[in-house]
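What follows is a short report on a single structure.
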Amino acid sequence: TMDNQGYCGESFNSLQSGTSDEDMVEIAGATLDFSVTDDVPPLDREYAGEKSNNQGNCGAVNSTYDAMAEPVPGVGTYEDFNTIDWVREKSKDRDRHREIASKSKESTWALIQSVSDAFSGWLLMLLIGLMAGALAGGIDISAHWMTDLKDGVCLNGFWFNHEHCCWTSNETTFMERDKCPQWKSWAELIIGHSEGAFAYITNYLMYVSWALLFAFLAVSLVRAFAPYACGSGISEIKTILSGFIIRGYLGKWTLIIKTITLVLAVSSGLSLGKEGPLVHVACCCGNILCHLFTKYRKNEAKRREVLSAAAAVGVSVAFGAPIGGVLFSLEEVSYYFPLKTLWRSFFAALVAAFTLRSINPFGNSKLVLFYVEFHSPWHLLELIPFILLGIFGGLWGAFFIRTNIAWCRRRKTTKLGHYPVLEVLVVTAVTAILAFPNDYTRISTSELISELFNDCGLLDSSKLCDYINLNSSKSSNELPDRPANSNVYTAMWQLALALIFKVLITIVTFGMKVPSGLFIPSMAVGAITGRLLGVGMEQLAYYHHDWVIFKGWCTPGADCITPGLYAMVGAAACLGGVTRMTVSLVVIMFELTGGLEYIVPLMAAAMTSKWVADAIGREGIYEAHIRLNGYPFLEAKEEFGHKTLAMDVMRPRRSDPPLTVLTQDHMTVEDVETLISETTYSGFPVVVSHESQRLVGFVLRRDLVISIENARKRQDGIVSTSHIYFTEYMPPQPSTSPAQLKLRSIMDLSPFTVTDHTPMEIVVDIFRKLGLRQCLVTHNGRLLGIITKKDILKHMAQMANRDPDSILFN
Amino acid sequence: VIAMWALLTLHRWIIHSGLKICCMLLSTQSTEAKNSEDIRCKCICPPYKELPGKIYNQNVSQKDCNCLHVVEPMPVPGKDVEAYCLRCECKYEERSSVTIKATIIIYLSILGLLLLYMVYLTLLEPVLKRRLFGHSQLIQSDDEVGDHQPFANAHDVLSRSRSRTNVLNKVEYAQQRWKRQVQEQRKSVFDRHVVLS
């Protein structure tokens, strides 16, 4: 393990420290000692050391300042927009755990502490589930209400939306399920009657005004309080989970603003969903609740385990699919997913789903609006249209990613990005003006999907279910295929127009400066296409039941084709084409339907769509946005297939000045400070001397700055000419020379090294598997250069003929 | 300054109490007696022979939720009742109007508070500051912004350990730091388009 904690009194035998080539003796001494005191926990070693040594490193009065007397606050933390050191965090946690485990044998109180430490993870998961479930329930209820606010108000109590206003009324009719006198549309309130051209225009104007108001409030709140709350958040969470730090991204202001503005953005009629932002909200809950437990507050690696579970909770409350949520976290969002996290994520997702169910936002204990309840069988020949839907989904996914990235890039680089508020308002105005005339775009997208997923029976009276009922003595399930009436044809072309509208408007909506998700619009596009194809197939089968393809299985009077199923398969195909989800998508869809009947069509469509989309463009939408923003995300799924070596990638290159290093005992405080101010490197290797270039360790810039500043302020005697030592023992100094500063405790004594002839494939693999941030390169045992994660990303970009300067962070 | 502090603490209190209310509602929903308006049995009957389709709503309990109890008056004569009722579908539904009311009111109050705070920050605070402290203070507070050094965070870490005895000073300091953070975020997201484009 690394000796970062630096317990003082680490003495071995009374060996002197040589300054040059007596290092061999020192190293030998170190190995001897380690073999003896192998599993003694650090505390005991400290006691043993103090008893046997008289070196006076700790506690003896001298003029050296031992920088490890108490841990300096801030050492071990990270800069904003930097990558964490996974190895260091994990070993810190192992040390802490070892300490607690060893102390637990001492007293009952310590035993209770160790039990509560083990239990704290589960308690944290419970709290995250409760909080995220409650927030999701609140968001659902508020969004429903606000969406209906664009249409009218309830006189019974303004807090009821349209459906709940007419819940107890007896005035609802079969054809108009939501009619009641207590619900007044704006035309009725303003001009008194609800029919006629004037009323239509009033309703239109009020709809557009409310939409603009909601959008304006949303973008102003985001801009004023939490600019990190915009967008979907999944790309940034992916990067955070791979080790990046974005301070404030998962903070409490971001949580509050994201929750409030998500409701506003969804209610304004924009073509966006709330699933992606719900993942961000759940991760914010996770991050905030981590602060209650020291174990997770202080350790970045453990915190990311909790955040993986929180991401699972987010999808679970969005779709009412706990298993799908865990698989989504595993497949899409997380980088390292230890097995322990799997069980805990599932627990948290279940708690959240249960909490949401008790809040019951949709009535009937449904967790999501478009829960599917039919179970009609499908025939093997229908796989052909399902695969066609998959191909469409893949094509649409690739098209959407290309156009959306182009639009976002334009927003990033041209003047379009200087007017975010105006952009949101213009897009909302266009959306509202174009959406109102068409019945299928006026309703919220979730309701549209729910209507499209619905299988038409005798009890339905919507336009889409206006079939001619020939044989009126059948019961309401198991209806045969019927010919369509005129309303169905109206609905078909209205849906086609809605499809074109949604395809175009989502491209400009995703990525705006309001919380926006992508799942619902993609599913809507797929569902519309699927339903159109399904109704087409159904009518084809009815009118041409003597064709060869229908003859065997679709006799007249049988219920062969279910357009609702086609809509569902289409939705899955489009969602898979955009996000490139595989297992998680199928599991989410099958949890939505509550049965395994439709797994084969869903899988066929999802696989086809992924293959088609992958053939056109390699990345899903989230990876594409990561690439656009230049985050240092090392893709775990890509293979590195080039034959370069470590020396081709390392810095310094042949033409550059040699590597900036610190020596272990020749530098003064002034030298180090000059070095820090002249360079921008985030870490420096420490060598024995400039001539020998033999590696001692690696020290981070931030730790150096904090330690030196702390020493200057807290310890008298440290001036610019004080010597800095990274060695074990400092040579005794005459009392006239200034105090010495020992910084061995902040140095990483076991930096990872590779030789210069190591193939880059192995180097990339090491970086991925261990989560390294930098790796030193040696040649014949001497330090030659350094490879950082940013260098690897730039190299990979160069190999793929992309611009290497697009990698912005390290 | 007192107003700001009160606003901030009120904020946090409202969020916490909102969450507590939600959790309380969850627990009491199952135990308290259900409001009779919050349950219903909804029967949908499709068109039958010449009769149009109709929907029947009544608040009866779950055991009485079937066609014979709910469909009143029965539109068909006695011998057709069974055929009619076979095609009707009756579902028992319940909701919690208290939850809905509480959620909407909490949401609107938080939204209102945030809007008020935003108006205060953008419009009123500069005016108040200018009147109370004059121009110099305003310029001074703007200079704190824009510390782009990568070690702004490091200095923060060290300065946090200095003790501040005055509570109001603490609040003022915390608010200034928060404002600086939001400004940094706004620069990265809105102006330089570095993150979240």
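Glycine residues also receive a Cβ, built from the backbone N, Cα and C atoms like all the rest.
Curation plays no part in TrEMBL annotations; they are all automatic predictions.
Here's what TrEMBL has on this protein:
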TRANSMEM  A:119-139  transmembrane segment
TRANSMEM  A:204-229  transmembrane segment
TRANSMEM  A:250-272  transmembrane segment
TRANSMEM  A:278-294  transmembrane segment
TRANSMEM  A:306-330  transmembrane segment
TRANSMEM  A:380-399  transmembrane segment
TRANSMEM  A:419-436  transmembrane segment
TRANSMEM  A:491-512  transmembrane segment
TRANSMEM  A:518-537  transmembrane segment
DOMAIN    A:650-714  domain 'CBS'
DOMAIN    A:747-804  domain 'CBS'
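When pLDDT is averaged over the domain 'CBS' (A:650-714), the result is 88.
For the domain 'CBS' (A:747-804), residue counts in helix, strand and coil come to 23 helix, 18 strand, 17 coil, using DSSP. Ranked by Cβ pairs under 8 Å to the transmembrane segment (A:518-537), the stretches A:119-139, A:204-229, A:380-399, A:419-436 are led by A:380-399. Long-range contacts of the transmembrane segment (A:250-272) within its own chain (CB-CB distance under 8 A, at least 6 residues past either end) are made by residues 135, 138-139, 142-143, 146-147, 149-150, 207, 210-212, 214-215, 217-219, 221-222, 225-226, 228-229, 233, 240, 278, 280-281, 283-288, 307, 427-428, 431-432, 435, 444-445, 502, 505-506, 509-510, 512, 514-518, 520-521. Among the stretches A:204-229, A:306-330, A:419-436, A:491-512, the one making the largest number of Cβ pairs under 8 Å with the transmembrane segment (A:119-139) is A:306-330.
Across the domain 'CBS' (A:650-714), DSSP classifies residues as 24 helix, 16 strand, 25 coil. Using a Cβ-Cβ cut-off under 8 Å and counting only residues 6 or more beyond its ends in the same chain, the transmembrane segment (A:306-330) has close neighbours at 121, 124-125, 128-129, 132-133, 136, 237, 240-241, 250, 274-275, 278-283, 285-287, 290, 296, 337, 341-342, 344-346, 348-350, 352-353, 356, 366-368, 371, 519, 581, 583-585, 587-588, 591-592.
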